[in-house]
Every structure is written in structure tokens, then in C-alpha cells.
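The active site feature in Swiss-Prot is assigned to 137, 149. Residues or ranges marked as active site, acyl-thioester intermediate in Swiss-Prot (evidence: sequence analysis): 224. Summarising the annotation, Swiss-Prot assigns compositional bias 'Polar residues' to 24-54, 100-116. Per Swiss-Prot, domain 'LRAT' is recorded for 127-240. Taken from Swiss-Prot, the feature region 'Disordered' applies to 1-54, 70-122.
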């Protein structure tokens, strides 16, 4: 008689984990008497293997309370010196625990793999767009997970929106993760279709020559996007500012149109 798939569901118990009671030895006299009695009454004898099989089938449908009783019996047998039955099969929680990296090398390797899966690994000269709250910060990738970017002179202002209103900036060589401040990022060489990038060695030379220099900063004419585009293409350009100016012009035009409409004399109706 086969078991349905539901038997191995919530109320199923793996038989390998349940310590079955040891069969007691029956004397030959009692065995003979029982066989004679069964023969006299006309009942057939049931082999022990069939009884154990029936018991195994019933165990599949035992409620949770009986499961707990089985576990208590297993604990008592362990305390009495009996060797508990162990299963070599790993549970999902054990599998997850074993996959967690423990050593520093494993952690660093995992982080690098996750970074590669989330974003392609940058190459020297690639532009990095960092999505901060309210604006996008830009940097240029150099080597060994390090970038060069414009930053305010005060470290307290780094990563803050107030940094975009400063009139000075310092060119810094920093680790990418230190520049992110928990923000997301991506490689964005979007002007490659408009301008031909300079040779990589020239980009790197120009970039390294700017490190630690203090430069004039202007949100409209010389921000971080102007800076990295100038290093890669030789053209200081910021599409972020261009889009803002276009949207501002549209908004100003809409306001002006509304004002003109409001002051325009209306025709008198009879």
C-alpha cells in the first residue's frame, strides 16, 4: 500500500531520526504457547517485520504532540548512555549556515563577487555616477577600486547636499566605497557617442596630475560632472546642469505665460 505525497508533508516524520524501541526477547515457551493459542483460535500469526512496517506507516500520521514525545524519549535514551541515531542529511538551515563566509578572505571575496554581479567592474578612465539624495555626484575610476573626484575641503560636508554650494573643491583620490556613502552607483560614459574619449594613458596622466589640488567650484560652470568629463573627453560639460536649466526655462516660460494671460484684457461680453 503506497503513501500519498501528503504523508510526507507537515505531519510526516523521517523514520531515520526516530529511535525505535528495541524488541524484547520472548522465551521459547511463551512463543510456543502463543503459537498454539493462535492455532487453536484460528488466527494467523503476523511477522514482526509486518508489524514494524505497519507501525512505520502509522508514524507518518502522528500529530505534533507525539512527535515531541518521540524527541523526549530520544533525549532520555541519550542521557542513559544509548547512542542516538543521527541523520547525515543537512537541513536547509544548516546548509545556509555553512555557506556564510567566516574568514576575512572569504568575506572580501564575497563582497567583490556581489559588486561584480550588481555592477560591471569599472576600467581605468570610466566615469562613475553616484546617486545621492537630490543630485548626482561624479567620479573617474583610476585603479584598485579607487576613484578621483571633487570634494569639499571639509570632510564634514562630504556626501552632503550643502557641498554643492561651496565655491572651492579639492581633487581627492579615494576608495570608491568611501565616496559612495551608502548610495547606489553605475558606470556612465554616456558622452562616448558624442565625443571621442582621450587615450586611457592620457586620461590617467591628466587625472593624477590633478590629485590634491584645490580648484574653483561652480554649480553651473564647474561642478564634479564638468570635472570628470573634462578629464575623459577634454570637454567640461554637465548634462545635469543643462537639464536643470532647460526645465527651469520651461517652468519660467510657463509662469510668464500665465502672468501674461492674467494681465491680458478680456473682451467685454454684452
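In case you wondered, yes, glycine gets a Cβ from its N, Cα and C as well.
Highest local Cβ density among the active-site residues 137, 149 belongs to 137, counted as other Cβ atoms within 10 Å over all protein chains shown. Residue 224 (active site, acyl-thioester intermediate): 24 other CB atoms within 10 A of its CB, across all protein chains. A gap of 7 Å separates the Cα atoms of residue 149 (active site) and the residue listed as 'active site, acyl-thioester intermediate'.
In this structure, residue 224 (active site, acyl-thioester intermediate) is part of a helix by DSSP.
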